[in-house]
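**Student:** Quick paste of what TrEMBL says about this protein:
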type     : residues  : note
BINDING  : A:105     : NADPH binding site
BINDING  : A:190     : L-homoserine binding site
ACT_SITE : A:205     : active site, proton donor
DOMAIN   : A:355-431 : domain 'ACT'
């Protein structure tokens with residue numbers, strides 16, 4: 001059978017990984033897919049560079065629309081990124097009846113509903129394993145491996161840059177700014193690291209997972225997004241003393257009244273496997289009502305790990321593209337006609353437990369006042385850590401772990417505590433998840 | 001669309017899990033699969049008990065052949081276990097044109113080649129996610145999620161009973177026999193635990209993983225199988241001191257000359273995630289050339305976790321059963337015409353590193369003689385741990401960690417060392433894997 005013809009839009013880090021892995025493992029992949037998979041055409045603005053990667057045998061153009069218009073191309077792989085031209089090209093490819101494989105989490109988290117509807121109408125597939133957690137086949141696990149389950153929650157370390165920074169902060173006791181510079185020097189963080197360190201990248205991925213876990217539309221605009229830029233070494237140290245690690249988690253959870261969708265730093269018990277995921281590695285924990293807890297771990301970024309996911313999609317599409325569209329796996333795990341209208345909850349409605357750090361005056365009655373306010377708010381306390389004031393200082397840190405409460409309730413309680421004259425600095429609040 | 005009609009052969013622990021989860025999550029599963037999935041008929045020798053589980057709405061018979069002969073049944077789920085009647089029934093179901101879902105690792109590891117060939121010829125699917133690592137979707141990950149990769153090795157904790165026993169031995173410093181009795185009392189080990197503790201169950205699962213990782217036939221008879229019955233608390237303690245944990249691993253690895261396929265206790269660096277998988281949990285590490293290391297963790301047994309995998313297969317079959325067989329995922333990950341004839345290597349050809357414990361006389365020159373013999377055999381030493389003799393004793397333990405060597409070479413060296421008059425007891429040898 002004639003090899004499947006693939007057109008690549010953009011051949012940067014991931015694109016060249018796709019090209020090299022497809023070439024190196026050609027025989028192995030054909031033995032699995034039942035036919036060859038070939039990159040037949042590449043579009044990239046830097047034609048010379050692209051040509052030097054793929055060699056003379058592959059046609060390189062600088063206009064992506066030529067790839068889409070080529071009737072020999074079966075599958076278009078979009079690796080341009082962003083919401084702009086990438087969106088137009090994906091929509092045009094669908095319109096031209098091409099199957100699409102993309103690693104573009106930003107695009108899908110924001111415009112997924114429109115894109116999947118167009119693909120559905122046209123009877124083509126849009127596959128996106130590479131969009132979440134790089135090489136880890138988490139989309140497939142959620143969408144196909146765990147179909148028996150009511151998914152209860154998904155929580156993941158889904159941004160390698162921030163996990164690298166947090167690991168270094170803990171290992172070396174350094175503050176965020178110092179470690180960020182080091183991460184940039186080592187290539188773990190980009191020159192403009194905003195999307196990573198502010199949690200936006202993780203929120204894109206969490207948004208996609210929320211859709212396929214619960215059968216809701218992708219709703220990035222409803223996600224609560226909080227990064228790690230305000231984390232201090234002191235909090236990582238206190239958390240450690242209490243038996244916790246701080247991780248940036250993407251969390252989506254089925255609650256009574258709706259779906260939680262949030263990215264923020266989070267205390268996790270140190271004994272959980274996910275708490276021990278270090279450096280730039282990713283891991284996702286999925287809780288299902290039948291299967292219990294499962295965890296998926298691997299490289300969340302990089303040329304070949306991401307290529308591994310792109311190519312897995314190419315093999316899937318190759319296997320399924322001649323099948324009746326009704327027999328395919330639905331894009332968002334649930335049949336388009338069976339989507340749920342469960343709302344994404346505002347953050348004030350989220351129920352979780354908390355780590356609080358209060359800088360307080362070292363004098364009698366402070367603890368009583370603070371815990372009195374929490375009690376009034378109906379927030380119960382799990383643990384308290386109060387250090388003796390440092391020699392010569394009249395201030396000290398008061399650490400409180402609470403049991404679960406509504407975020408709105410906690411916000412009010414924090415405002416009240418902040419008003420106490422003995423509370424000397426802005427209260428630090430980090431959410432805590434037991435993940436059990 | 002009419003719900004898919006499922007016939008269950010055997011309704012014990014897993015079967016009742018399948019029934020209850022299908023019922024509880026009916027709506028959710030239909031939203032995913034695009035049509036309902038219904039248990040329409042059950043065969044079990046204990047008809048009354050079976051009827052009490054499924055209620056009056058489902059027909060229960062004591063003859064499995066009535067289920068297979070029923071033209072309304074689309075998928076037969078075999079949950080009887082063993083090689084005997086289960087094999088006959090699976091072959092008859094295939095012959096009758098039924099798709100089959102099975103959790104029977106023993107059957108597939110021993111008779112898989114014959115079964116998959118029959119299914120292929122008949123154009124039906126035989127799905128078996130539940131056969132390896134219970135609820136963890138590891139078959140899907142290997143077969144579909146990692147298709148881009150040359151798999152280099154797979155190593156897994158794939159037997160919960162033995163992992164529970166090893167965890168308890170380490171936690172409490174107890175010997176094997178004591179912990180086994182406790183595990184039996186708690187229901188973690190069966191009355192006759194042979195298949196678990198001797199490594200046979202893990203070897204069945206490793207055999208299946210070797211086939212789908214490397215595209216070779218299932219060859220249980222070629223597997224090296226070694227259990228945990230001879231492990232002593234002392235070795236777990238020494239391993240700990242050297243920074244390792246002892247786990248029973250199922251390992252399959254692509255070597256120069258063939259495929260390694262082996263189950264045995266194994267030292268693993270304590271810092272690896274898999275070394276921290278405790279109790280009855282399972283985890284599988286897969287190393288691919290593109291993706292690097294990935295890990296999959298979850299419950300490897302139990303009613304609903306295993307049911308989760310069975311139902312995932314039911315959904316897959318429901319989605320794909322009307323598709324052209326050529327477009328389906330091949331049973332063993334590779335197209336039947338593209339199987340490899342790479343041999344499974346005899347254990348003497350396996351290359352790995354070792355932990356050795358020698359009970360030696362506490363006198364000058366012993367270490368020199370032992371290490372001299374290893375040097376002669378070309379085996380280099382990684383670490384040595386020698387304790388002072390206990391008060392009043394003239395004997396002591398000498399622990400040696402070696403670098404990689406052929407098992408045959410190690411066998412000869414052990415025979416030589418065993419011949420030394422200063423070596424006072426049978427030498428303990430445990431293999432060691434860095435898994436990096």
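Heads up, the Cβ atoms here are built off N, Cα and C, so glycines get one too.
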**Student:** Give me the count of other Cβ atoms within 10 A of the Cβ belonging to the residue listed as 'active site, proton donor'.
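**Tutor:** For the residue listed as 'active site, proton donor', the count of other Cβ atoms within 10 Å is 26.
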**Student:** Taking the Cβ of residue A:105 (NADPH binding site) as the centre, count every other Cβ atom within 10 Å, in any protein chain shown.
**Tutor:** 26
**Student:** Going by DSSP, is the residue listed as 'active site, proton donor' part of a helix, a strand, or coil?
**Tutor:** helix
**Student:** Is it possible to list how many residues within the domain 'ACT' (A:355-431) are helical, extended or coil according to DSSP?
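**Tutor:** Secondary-structure composition of the domain 'ACT' (A:355-431): 23 helix, 28 strand, 26 coil.
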**Student:** Cα of residue A:205 (active site, proton donor) to Cα of the residue listed as 'NADPH binding site': how many Å, rounded?
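**Tutor:** Here the two Cα atoms are 6 Å apart.
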**Student:** Using Cα coordinates, what distance in whole Å links residue A:190 (L-homoserine binding site) and residue A:105 (NADPH binding site)?
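**Tutor:** Counting only the Cα atoms, the answer is 17 Å.
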